Amino acid sequence: MKRIEAYTDGACSGNPGPGGWGAILRWNDNVKELKGGEADTTNNRMELMAAISALSALKEPCEVDLYTDSVYVRDGISGWIEGWKRNGWKTAAKKPVKNAELWQALDEARKPHKVNWHWVKGHAGHPENERADELAREGMEPFKYGGRKSLKVQ
């Protein structure tokens with residue numbers, strides 16, 4: 001099974017507002033950068049999109065070390081998601097899970113892979129996390145002044 005490192009980040013100008021996501025995939029000496037964005041979104045949605053896009057870009061089952069600076073993504077995928085699925089995508093307080101369609105997409109995107117989730121402190125000088133942040137900001141740029149509704153660039 002191919003081993004991949006994935007670094008993901010999301011960004012938002014206003015929350016909600018225009019946002020972007022970025023991801024870096026690294027295996028052996030190869031690097032692939034991905035980015036995209038939306039006109040009206042939240043930071044949490046962009047963090048989820050970065051992880052979904054990174055995993056969805058893999059063309060075969062892989063062992064993935066996925067690095068995120070999002071506590072929301074880390075806690076959701078490592079703990080909350082199993083309870084949400086058992087509860088019909090409701091929280092412990094019986095409220096609908098926010099961003100349920102993205103959590104469902106992330107759950108689906110991870111299925112073919114063995115994913116090891118890692119949290120890194122954002123904006124702390126981690127080079128790949130900093131680059132993922134740059135990609136997220138680039139992905140957001142077309143929407144900051146009223147551009148399209150969404151964009152994905154590989």
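Note that Cβ sites are derived from N, Cα and C of the backbone, with glycine treated the same way.
Feature annotation from Swiss-Prot assigns domain 'RNase H type-1' to 1-141.
The Cβ neighbour count for D133 (Mg(2+) 2 binding site), using a 10 Å radius over every protein chain in view, is 21. Residues annotated as Mg(2+) 2 binding site in Swiss-Prot: D9, D133.
Long-range Cβ proximity for D69 (Mg(2+) 1 binding site), meaning a same-chain Cβ under 8 A and a gap of 6 or more residues, is found for D9, W119, V120, K121, G122, H123, N129. Summarising the annotation, Swiss-Prot assigns Mg(2+) 1 binding site to D9, E47, D69 and lists sequence analysis as the type of evidence.
DSSP states for the domain 'RNase H type-1' (1-141), grouped as helix (H, G, I), strand (E, B) and coil, give 56 helix, 49 strand, 36 coil. Compute the center of the Cβ atoms of D9, E47, D69, which mark the site for Mg(2+) 1; besides them, the chain residues with Cβ within 8 Å of that center are T8, G10, M46, A50, T68, S70, V73, G122, N129, A132, D133, A136. Non-local neighbourhood of E47 (Mg(2+) 1 binding site): T8, D9, G10, W21, T68, S70, Y72, V73, each in the same chain, at least six residues away, with C-beta under 8 Å from its C-beta. For the domain 'RNase H type-1' (1-141), the mean pLDDT of the prediction comes to 96.
Around D9 (Mg(2+) 2 binding site), a 10 Å sphere centred on its CB holds 33 further CB atoms from the protein chains shown.
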